[in-house]
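Engineer: Look at TrEMBL and you will find A:7-409 tagged as domain 'FAD-dependent oxidoreductase 2 FAD-binding'. The FAD binding site annotation in TrEMBL covers A:12-17, A:34-49, A:Asp230, A:Glu392, A:408-409. Among the features that TrEMBL reports, tele-8alpha-FAD histidine is placed at A:His42. The feature substrate binding site is assigned by TrEMBL to A:His251, A:Ser263, A:His362, A:Arg403. Per TrEMBL, the feature active site, proton acceptor maps to A:Arg295. Residues or ranges marked as coiled coil in TrEMBL: A:476-503.
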Amino acid sequence: MQVHKYDVVIVGAGGAGMRAAIESGQRARTAVLTKLYPTRSHTGAAQGGMCAALANVEEDNWEWHTFDTVKGGDYIVDQDAAEVMAKEAIDAVLDLEKMGLPFNRTPEGKIDQRRFGGHTRDHGKAPVRRACYAADRTGHMILQTLYQNCVKHNVEFYNEFYVLDLLMVDEEATREDGTTYTQKRVAGVVSYELATGELHIFQAKSVVFATGGAGKVFKTTSNAHTLTGDGMAIAYRHGIPLEDMEFIQFHPTGLAGLGILLSEAARGEGGILRNADGERFMERYAPTIKDLAPRDIVARSMANEVREGRGAGPNKDYVLLDLTHLEPEHIDAKLPDITEFARTYLGVEPYTEPVPVFPTCHYVMGGIPTDIEANVLQDNETRIPGLFAAGEVACVSVHGANRLGTNSLLDINVFGRRAGIYAAEYAKDADFVDLPENGEAFLVNQIESLRSAEGTEKVGELRAELQEVMDADMQVFRTEESIRRAIDKIEELRERYKNVAVQDKGKRYNLDLLEGLELGYLLDIAEAMSVAALHRPESRGGHYREDFPDRDDENWMVHSMLYRDENAETEGVKGIRFDTKDVVMTRYEPMERKY
Amino acid sequence: MTTTLEPTNNTAGMGEIESFTVTMQVRRYQPEFHEEAYWDTWTIEMYGTDRVLDALHKIKWEIDGTLTFRRSCAHGICGSDAMRINGVNRLACKVLLKDLDLSKPITVEPIKGLPVEKDMIVDMEPFFQSYREIMPFLIADESREPTRERLQSAEARAAFDDTTKCILCAACTSSCPVFWTDGQYFGPAAIVNAHRFIFDDRDEGGDMRLEVLNDKEGVWRCRTTFNCTEACPRGIQVTKAIAEVKQAILARNI
Amino acid sequence: MTTQQQINIAAPRSGDIDPKYIRQSASSSSNWEMFKWLFMRISGPILLVLIFTHLFTNLMIGDGVHGLNFGLVAGKWASPLWQIWDLVMLWLAMIHGTIGVATIIDDYTKKDSTRVAFKVVLYLASIAIVVLGTLVIFTFEPCMTDAAGNLLDNSPSFCFNQ
Amino acid sequence: MWSWVGHRITGVVIFLFLLVHVLDTALVRVSPEAYDAVIGTYKNWYMALGESGLVAAVIYHAFNGIRIVLVDFWKKGTKYHRHMFWTVMILWVVVFGGFFIRHMMLVLGG
Ligand SMILES: Cc1cc2nc3c(=O)[nH]c(=O)nc-3n(C[C@H](O)[C@H](O)[C@H](O)COP(=O)(O)OP(=O)(O)OC[C@H]3O[C@@H](n4cnc5c(N)ncnc54)[C@H](O)[C@@H]3O)c2cc1C
Ligand code: HEM
Ligand code: SF4
Ligand code: F3S
Ligand code: FES
């Protein structure tokens, strides 16, 4: 086993991780550990844009942006965090431009901006052009630009190093008021080198988690195969809470059966959703704005059509996105990528045929709780010194119950940057925490038993069953009954997981083994999502309970906090403790969310 | 007002999803267990919308877990899964099975010219090393940066648009016959990424990059075989970009 | 049990790169590669004209290949135009071909020693041929005589008129 | 790719021929008889075929060489490289066809 010592270790090299690395790398000795080559991260999949109130084409300011974010998140956004994000958005965009990002330009040569769902002028009066973009490859350009700057600054990457565990110690500490509590501290991480199968310990003063989302909990998702919620699950297993895990964003238009995303722009350009009878069903659900209603509403309407038997296709399990009334030239000019996806993957010609679509799991609003300095919290307010998180893995929370389009690319830049700065600052004065004795033993054990197991269960099968049940019971509609079904299934799968075996017994590039470990994370995350969903008897943003269709500000204007706790039991599920946390309000009072 | 579209048939869009059997012939290399590389063949049942990547997944998840390949996004934007499919470099996630000739086995091999580590996995470091050597980042005099926003005309932005699309998948470099025999050649991907900055009017490091590529292993090594252009999954006009870099070096030195 | 170790990870340009990934060629700061490339492209089209004419006059005109004999060659080279023509053709083609073959040798030889060996042979052969060819063209005496000083009977016709 | 393989092979073939060709031409310096004797062998039908092969190679190499130059220097060269390749093939058939017929007629006719 090798031990490496760095001031700062960053886990994940997506947008958030690399933005942090650029800051931290210039201030402290930094290593970036990533299970993929940096440029393979899923930030590269983002199409639409990154918003900032630059006011390059229309009057705009960061306060309006804050308001839109708060309202979009159905009011459980922490408003201090939203303010920080909206305010720093402008510099975040300009910084990217200085790093070389080729934004599209206005005729005057300024960064061009376009409209996106939920972004408005003057508190909802009219749509505003706020999203800065580089064609329909904004995420790709952000990822490339950040990587390029990491190369420039000689950031040390450990590519294809899977971080599989945190090294944490508990200390007795005293609060100002004299009460004692257990303070968690981070000593480093344990990492698995894919090429050799060796474990490496990285001792660090600061650790930044930027491991991205967990979309692979679901079958239909726009997320990459590698987005298995590693960071969230690892933290969770160490007693760090997960916040707001019930809030998952389903994007209405994923290619049916595949989940590949067709950007909102398709409907923005005039695309119409139809059911098997050819009816424009959104007229019934949202009579005024129809197909351009917010993501959660459209996704639910589509699912309802299918549920009530009006779905198209041989299995009646999708609806149709109709672009056939648009001029082919218009489609080519505005939606080239999307139409190419439809052609490549479904063999559908969007000029003449409607495209089969269905909601696809897109984004996890919840995650590891942090404050606005990206510091991870071990409960509602206590920081874990030296542990930071940013990006989709974290929950600051700027997205609340529903993320606005383009706010995530902004999130990873603003809070990625902050995480890098604060992690390096912290490392400046801090000492290394002693590595826990035999801290890697658990992992060594886990890997060895998985590798040598003669079990009868297959990783692929269990994962498929998990994804099936999550799609069926935890998607856009949830009831107590469906959630319980999901939980029961997950418990069954967790039992069977103990009997799982991997076929590849080798050491080098053993991706079979890693998929086995990733399945473990998926199960933990799926459980957390379901238990959190069960606990919230109301409908808000991405979380819709048919048995409680209304928002309940009286009782549920709070964040949910889920803890892994051996001794606890909640709603019949062993090992989990449930708690809530107040939402930070600064200036915007909750009001009904309608557009 | 008509809100109803007459459905042409009940299954508008994707018709009945056909299924078919596919024979996959995969080049295996498992250095821990077999000294030599060998071929494995599987016949599996697949569906109309499945891609080569799905077939590989099916084999890995249901038949042989030791089959090893990189992949992530599964829709052609991360660049993980470049491999030789029926003898040409493609992203496995972008090739639909039904577009191939299914009467013959589909051959899958690792990309050529980079050291094979296991099955489809090759050592990507030489590839990224070339990329890093062309200084793939904007070099601009920061003291001259405007305090607020730097302007760039839409035309100037368009000059290098094509080469910004690169996802560093190595399909081009590993399809280049020059690279196959001379692993030291910088390769088309590095040149494409140099092009992206050389033709960016905000950049001031163009001379240095041209100097790097004026090397023995630089642009002059390209014999315009166009393999790279044909392999590029992003449709980048790679050979054209290389030609433009060659001309830039000529113009600078003569 | 656990020891502090340095491992080689390819951190860019930090000198922390595994030596096996470092480009071997000593970067040539000259423009030699460029000039070779340019030469190929300039000499090519010129050669096209020279060679096509050459082939045409030798193989297509008159009796074609049947007309080809000492007399014809000697007759041609009596004119300085053809002398220069063939000289330029010889030089350009040989340099063009030598550069081309040298590239091919670079491509297909793996070991430095074989590369050098092949190239030495190539360059020696090329120099020899160019020198030989040049001498032949310049020192060529169309109206050769036998030991007795009489014109050979297959000399070009103009010799007999002198 | 194949156009390049062809270019490479024809390049080497021509180069090797050129070496020999200069040597045999050098015989004019030695003695006309020797030259004519060697050249005489060119007039066999099988040599004629070989010679045609050489000319075929030269024609291909020459036209394809022009195509390469255009790819390198003409702005639209990379766009039309396929068209140009087919043009090369057509030109090759036409020019070589013409040569071949005349050449064989001359060889066999005499
Ligand atoms: C199709 C699609 C389109 C989108 N479009 C937009 C848009 O237009 N606008 C917008 O604002 N947002 C958009 N989003 C959302 C946004 O792109 C993502 O939320 C954001 O990019 C996440 O960035 P990240 O840095 O947190 O994670 P990622 O980019 O996913 O990076 C995760 C990193 O963590 C590493 N990692 C993970 N696990 C481990 C481990 N165990 N050990 C080591 N490393 C690990 C990975 O290697 C990777 O480098 C879109 C998302 C998708 C899927
Ligand atoms: C008839 C006119 C000719 C033209 C237009 C021509 C053109 C070219 C060009 C442009 C190249 C460069 C190819 C590249 O860099 O990719 C080339 C290469 C080459 N030429 Fe010629 N050439 C001609 C005649 C000849 C002759 C007479 C010879 C032999 C002596 C020859 C031998 C070669 C060789 C060996 C190469 C290298 C091929 C390679 O690197 O793949 N060429 N030619
Ligand atoms: S140029 Fe094309 S083929 Fe080459 S690395 Fe980039 S995307 Fe891949
Ligand atoms: S394949 Fe190679 S030879 Fe040139 S045109 Fe592309 S780099
Ligand atoms: S898996 Fe990402 S490009 Fe194929």
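Even glycines carry a Cβ here, placed using N, Cα and C.
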Engineer: Let me spell it out: take the coiled coil (A:476-503), skip the flanking residues so only those 6+ beyond its ends count, and list any with a Cβ under 8 Å from a Cβ in it.
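Structural biologist: Sequence-remote neighbours of the coiled coil (A:476-503) are 250, 296, 299-300, 303-304, 307, 359, 450-451, 453-459, 462, 465-466, 469-470, 510, 512-513, 515-516, 519-520, 523, 526-527, 530-531, 533-534, 543-547, 573.
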Engineer: Quick one: pull the CA-CA distance for A:Gly48 (FAD binding site) versus A:His251 (substrate binding site), whole Å only.
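Structural biologist: With the alpha carbons as reference points, the distance is 13 Å.
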Engineer: What is the Cβ neighbour count of A:Gly12 (FAD binding site) at a 10 Å cut-off, with all protein chains included?
Structural biologist: 32
Engineer: Select from A:Leu36, A:His42, A:Gly44, A:Ser263, A:Arg295, A:His362 the recorded positions whose C-beta atom falls under 8 Å of at least one C-beta in chain B, and return them in sequence order or as 'none'.
Structural biologist: A:Leu36, A:His42, A:Gly44
Engineer: Among all protein chains shown, how many Cβ atoms are found within 10 Å of the Cβ of A:Leu36 (FAD binding site), not counting that one?
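Structural biologist: Total other Cβ atoms inside 10 Å, all chains included: 24.
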Engineer: Starting from the Cβ of A:His42 (tele-8alpha-FAD histidine), draw a 10 Å sphere and report how many other Cβ atoms land inside it.
Structural biologist: 25
Engineer: Give the distance between the Cα atoms of A:His251 (substrate binding site) and A:Gly12 (FAD binding site), rounded to the nearest whole Å.
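Structural biologist: On Cα coordinates alone, these residues lie 24 Å apart.
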Engineer: Return only the integer: C-alpha distance in Å from A:Gly44 (FAD binding site) to A:His362 (substrate binding site).
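Structural biologist: Each residue's Cα considered, A:Gly44 (FAD binding site) and A:His362 (substrate binding site) end up 14 Å apart.
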Engineer: A:Gly44 (FAD binding site) has how many other Cβ neighbours within 10 Å of its own Cβ?
Structural biologist: 26
Engineer: If I restrict to non-local contacts, at least six residues apart, and a C-beta distance under 8 angstroms, what lies near A:Ala16 (FAD binding site) in its own chain?
Structural biologist: A:Thr43, A:Ala210, A:Gly212, A:Ala390, A:Gly391, A:Glu392, A:Val393, A:Ala394, A:Asp411, A:Ile412, A:Asn413, A:Phe415, A:Gly416, A:Ala419
Engineer: In whole Å, could you give the widest CA to CA gap in the substrate site formed by A:His251, A:Ser263, A:His362, A:Arg403?
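Structural biologist: Max span of the substrate binding residues, Cα based, is 15 Å.
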Engineer: With DSSP assignments reduced to helix, strand and coil, which class does the residue listed as 'active site, proton acceptor' get?
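Structural biologist: Looking at the DSSP assignment, the residue listed as 'active site, proton acceptor' belongs to a helix.
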Engineer: CB neighbours of A:Arg403 (substrate binding site) within 10 A?
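Structural biologist: Counting Cβ neighbours of A:Arg403 (substrate binding site) within 10 Å gives 27.
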Engineer: Any idea what DSSP makes of A:Leu36 (FAD binding site), helix, strand or coil?
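Structural biologist: For A:Leu36 (FAD binding site) - judged by DSSP and reduced to three states - the answer is coil.
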Engineer: Given the recorded positions A:Arg40, A:His251, A:Arg295, A:His362, and counting only Cβ atoms in the protein chains shown, which has the most within 10 Å of its Cβ?
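Structural biologist: Highest number of other Cβ atoms within 10 Å: A:Arg40.
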Engineer: Would you mind checking how many other C-beta atoms are within 10 angstroms of the C-beta on A:Ser263 (substrate binding site)?
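Structural biologist: A:Ser263 (substrate binding site) is surrounded by 21 other Cβ atoms within 10 Å.
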